[in-house]
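Undergrad: Mind looking over this structure? Questions follow.
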Amino acid sequence: MLPQLFILERLRRLRADGPQPQLALAADVAAHPAIADAHQPTTGPAESNFKRRTISVFYLVAGVFSAALGLEAFMLPNGLFDGGVTGISLLAARLLPGDPPLSVLLVVLNLPFVWLGYRQMGRGFALRALAAILALAVVLETVHFPVVTQDKMLIAVFGGFFLGAGIGMAMRGGGVLDGTEILAVYLSRKASLSVGDFVLVLNILIFIIVALVLDVPTALYSILTYLAASKTIEFVVNGIEEYTGVTIISEHSDAIRRALTERLGRGVTVYAGHRGYGSRGERPNPIDIVFTVVTRLEVTQVTDEVNRLDPKAFIIMHSVNDAKGGMVKKRALH
């Protein structure tokens, strides 16, 4: 299933047209060197805004061509389907009389979701989404990619890969090529069904219809296409360096803090806590808790360093959807 919650949160952050105002507290900057480093001005507002818009356009254009390649060179010639609005458009193009063009169906079926995105996420997001969807329709009509292979397994995997890469890059650019998730967010606010549950139910219905109307092998290969697209979207949106939050509870918290900041160059936060376990009648001993955010490639370094200083340290790790500022490294695709 698509990482919908993360993706939609990212879309909300990208919806503003102009640069957001910088909010900084002098006391916080002075107290945290990592924050002070992060707030050093590097470029002017106009230059930063131009760079941001250029990167956004690049992602949208690359996403459109990648999605068109996946559709024309792999999926369309071999009759495979995807989930969401793209899957519904492919199914409609296959079943409706008169052979309506896929490009027209993609635009028509996505328009209600673009309008909903305008209501929910703002004008900037809606304009980027509409531009990306129209561009995809134009590319599908004007650019013709050669059929790469007839092997069903390769078609399912690489068709899903290129389609997912296109959708993911469009999301990185602040738009969408498929409006299903916008509807899912809206309905999740009105009903008890979560975003992920709604998208999953919709896609299951699409593949059931494919199995009943066409044939079971086509539905099974289409599920493989959907899974390949989903994992590719996750990779493109998250990047290689997924973040992990690490909470460390140890009697040697100060030594661990120094090791993380001085030896590994990571920013940390230390907050006071109390142990929950103690003898009856005794107040639990206070203890400092160390928290840091690292990439998944650095988790082993952190745990090795903590275990070297305190083999009995209690370490909690959890996934972090996104992290900015401080000493957190930028993602590879930024």
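Each residue, glycine too, has its Cβ placed from N, Cα and C.
Copied straight from TrEMBL:
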TRANSMEM  57-81  transmembrane segment
TRANSMEM  101-118  transmembrane segment
TRANSMEM  125-147  transmembrane segment
TRANSMEM  153-171  transmembrane segment
TRANSMEM  191-214  transmembrane segment
DOMAIN    266-325  domain 'DUF2179'
Undergrad: To the transmembrane segment (101-118), which of 57-81, 125-147, 153-171 is linked by the most Cβ pairs under 8 Å?
TA: 125-147
Undergrad: Six or more residues beyond either end and a Cβ under 8 Å away: which residues meet both conditions relative to the transmembrane segment (125-147)?
TA: 11, 14-15, 56, 60-61, 63-65, 67-69, 71-73, 77, 101-104, 106-107, 110, 113-115, 117-118, 166, 170, 173-177, 179
Undergrad: So which residues does the transmembrane segment (153-171) touch in its own chain, when a touch means Cβ under 8 Å and the partner is 6 or more beyond its ends?
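TA: Result: 7, 10-11, 59-60, 62-71, 73-75, 78, 80, 82, 86, 132, 136, 177-178, 221-222, 224-237.
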Undergrad: Can you work out which residues elsewhere in the same chain, 6+ from the ends of the transmembrane segment (57-81), have a Cβ less than 8 Å from its Cβ atoms?
TA: 87, 90-91, 94, 102, 128, 131-132, 135-136, 139-140, 143-150, 152, 155-156, 158-175, 177, 206-207, 210, 214, 218-219, 221-222, 225, 229
Undergrad: Restricting to the domain 'DUF2179' (266-325), report the mean pLDDT as a whole number.
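TA: The average pLDDT of the model in the domain 'DUF2179' (266-325) works out to 81.
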